[in-house]
Amino acid sequence: MTATATRHDWTLQEARELFNLPFNDLLFRAQSIHREHFDPNEVQVSTLLSIKTGACPEDCKYCPQSGHYNTGLEKEKLLEIEKVVAEARVAREKGASRFCMGAAWRSPSKKDMPYVLDMVRQVKSLGLETCMTLGMLKEEEAKELADAGLDYYNHNLDTSEKYYNHIITTRTYQDRLDTLDNVRKAGMKVCCGGIMGMGEDEDDRVGLLVQLANLPQHPESVPVNMLVKVKGTPLEDVEDLDPFDFIRIIAVARIMMPASHVRLSAGREQMNEQMQALCFMAGANSIFYGEKLLTTSNPEADADMQLFRKLGIRPEQREQCATEEQEEEAIAEAVEYEATRHMFYDATRESA
């Protein structure tokens, strides 16, 4: 079997051996495989919006939205559909090809589902790919989302099965795998990855990748997050992750899942340009673009554009901002619009 063949039978030992290759050898191998499947100078750009923030009943130790921890985050109601569509338009003008919507729920409620489905339809009508992360899904809920036109569903495994109970106790690893199975059955694409730097060891990091790569079908999108430590969460004082270990994980993900988009997700604000460039060299080819990821900071849009220009990178499917002048105009509009994020449902109902 060749090194670049799509496999679903990876062992932990094989993943360890990849991770521990000399750094230059690992990046060379990852970049070579990357070039067989993707344009090395093209990056898929997504924008992420929190459509319902805070008071989540889950106890994920990394998350400021958990109702179990005092992080100072105020609970907000489900955003108006009009507000979501307006944000999606701005994202499209900034060059995003995919618009992702996240809600701090254990799973979507029946009363909120019609609003969520309408969000999908209206964002889809703008010509954007759509992605949602709403917690666990039953088969019928997944089918409803697929019928509404949802392209991707995000549901991360977060870490290895071995380390999982150190991070989350309110839902099981199997619960997460069942949701992924329901998403696949409904015909949607899967966005699934994890978080590095939560106190896990090397085997947990590569173990997560083994779990992902041995799914019946590789996730189309694999977000690799670097922990953003938030005051008030149990992980606020965890030891920092070595940047080279993070880059190694990106490279191993690329080798093990050669045709998946590997996304630099949360934690990019803590990465300098050189680290991000090495991640792109290691095979990352997707980012979240915009000033915020749900509730945590992200590099400013103009900083991302400057980095892209330095590296000669172009966004996938970028049609709305063909010139530098249009890019700068769209960014200015987005920054101005950011100051008006106050339109929430006035209804007395609140989503838990």
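Backbone N, Cα and C define each Cβ position, glycine as well.
Some features that Swiss-Prot has for this protein:
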- 41-268: domain 'Radical SAM core' (DOMAIN)
- Cys56, Cys60, Cys63: [4Fe-4S] cluster binding site (BINDING)
- Cys100, Cys131, Cys191, Arg263: [2Fe-2S] cluster binding site (BINDING)
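Features as recorded by Swiss-Prot, highlighted on the structure.
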{"residue": "Cys56", "record": "[4Fe-4S] cluster binding site", "DSSP class": "strand"}
{"residue": "Cys63", "record": "[4Fe-4S] cluster binding site", "DSSP class": "coil"}
{"residue": "Cys100", "record": "[2Fe-2S] cluster binding site", "DSSP class": "strand"}
{"residue": "Cys131", "record": "[2Fe-2S] cluster binding site", "DSSP class": "strand"}
{"residue": "Cys191", "record": "[2Fe-2S] cluster binding site", "DSSP class": "strand"}
{"residue": "Arg263", "record": "[2Fe-2S] cluster binding site", "DSSP class": "strand"}
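Less than 8 angstroms from the CB of Cys131 ([2Fe-2S] cluster binding site) sit Ser46, Arg98, Phe99, Cys100, Met101, Leu150, Asp151, Tyr152, Tyr153, Asn154, Cys191, Ser221, each of them six or more residues away in the same chain.
Counting other Cβ atoms within 10 Å of each Cβ, the binding-site residues Cys56, Cys63, Cys100, Cys191 show the lowest value at Cys56. Cys60 ([4Fe-4S] cluster binding site) sits 21 Å from Arg263 ([2Fe-2S] cluster binding site), counting Cα to Cα.
For the recorded [2Fe-2S] cluster site, residues Cys100, Cys131, Cys191, Arg263 set the reference point as the centre of their Cβ atoms, and the other residues of that chain within 8 Å of it by Cβ are Ser46, Leu48, Arg98, Thr133, Tyr152, Asn154, Ser221, Pro223, Ser286, Phe288. Each residue contributes its Cα atom, and for Cys63 ([4Fe-4S] cluster binding site) and Arg263 ([2Fe-2S] cluster binding site) these two points are 19 Å apart. A sphere of 10 angstroms centred on the C-beta of Arg263 ([2Fe-2S] cluster binding site) encloses 23 other C-beta atoms. Rounded to a whole value, the Cα-Cα separation of Arg263 ([2Fe-2S] cluster binding site) and Cys56 ([4Fe-4S] cluster binding site) is 25 Å. Within 10 Å of the C-beta of Cys60 ([4Fe-4S] cluster binding site) there are 23 other C-beta atoms, taking all protein chains into account. Over the domain 'Radical SAM core' (41-268), the average per-residue pLDDT in this prediction is 89.
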